[in-house]
């Protein structure tokens, strides 16, 4: 690895990795976890356009048409966002763009004929560049505001655990990209995004409107369709329908319980979506009705 090759192929990956981390973390200061995960659904589109722009894959208009549903869904979800902040939206958009460029460059580093690096070797090379970039940004932004009391309050074990999980995540990411592609990596996180949206609603009480849920459903549908294709999707749906029917015949009580649980989840989701919009007025009306009823009884 010569210095010229390192500057040309490795340092840009570290810079874009650092920029994606900075922009992504800044977005959490303005937007809810649920809305950020919805915006991240556009990552496959960003990666696709980046691979075309950098010449990793040839352009394909049919593929672009398939992933356009993802963009439409995210646009609808953005219009339905209750706590929309433009600054946070721009931070997240920048994070998505930088991450797409980084993933494409890592794919070219691992799979291209010019380098063909091992995943761990590539991480060994570009991790220091990312650390230096993060350190420089830290010196000019948060160095004067952070204190040891803040670190003690969070806990050293918590920080160490966070760093260990982040390291293992990056190791698994480079292995996955090396075996498949950067686009497969972004598509494989669909289930994770769904779980994060529900977790943010349950843990952080983040409001999600019905319009937002509708738009996110379109985006997820576009992701699944792009990943599987029409024929595979029909095949899986037919197989799932047969398995569901057989499950109902062998274990009818368990199937009824699963249906009931799904209905309960849907009910609480709708209730949580409508709550932030209608709860204050409804509460006031309830108090007024109770007061008028008590007054009539007193009379």
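Here the Cβ of each residue, glycine as well, is placed from N, Cα and C on the backbone.
As annotated by TrEMBL, domain 'Sugar phosphate transporter' applies to 6-226.
For 5-22 (among others), the entry in TrEMBL reads transmembrane segment.
What TrEMBL lists as transmembrane segment is 28-52 (among others).
TrEMBL lists 64-84 (among others) with the feature transmembrane segment.
As annotated by TrEMBL, transmembrane segment applies to 90-111 (among others). Listed by sequence, the residues of this chain that lie at least six past the ends of the transmembrane segment (90-111) yet keep a Cβ under 8 A from its Cβ atoms are 9-10, 12-13, 16-17, 19-24, 26-27, 30-31, 36, 39-40, 42-43, 46-47, 49-51, 54, 56, 117, 119, 122, 174, 177-178, 181-182, 185-186.
Among the features that TrEMBL reports, transmembrane segment is placed at 123-141 (among others).
Residues or ranges marked as transmembrane segment in TrEMBL: 153-176 (among others).
Under the heading transmembrane segment, TrEMBL lists 183-204 (among others).
As annotated by TrEMBL, transmembrane segment applies to 210-228 (among others).
Taken from TrEMBL, the feature transmembrane segment covers 257-275 (among others).
Only residues 6 or more beyond the boundaries of the transmembrane segment (123-141), in the same chain, are considered here, and those with a CB under 8 A from a CB of the stretch are 1, 6, 10-11, 13-15, 17-19, 21-22, 117, 170-171, 174.
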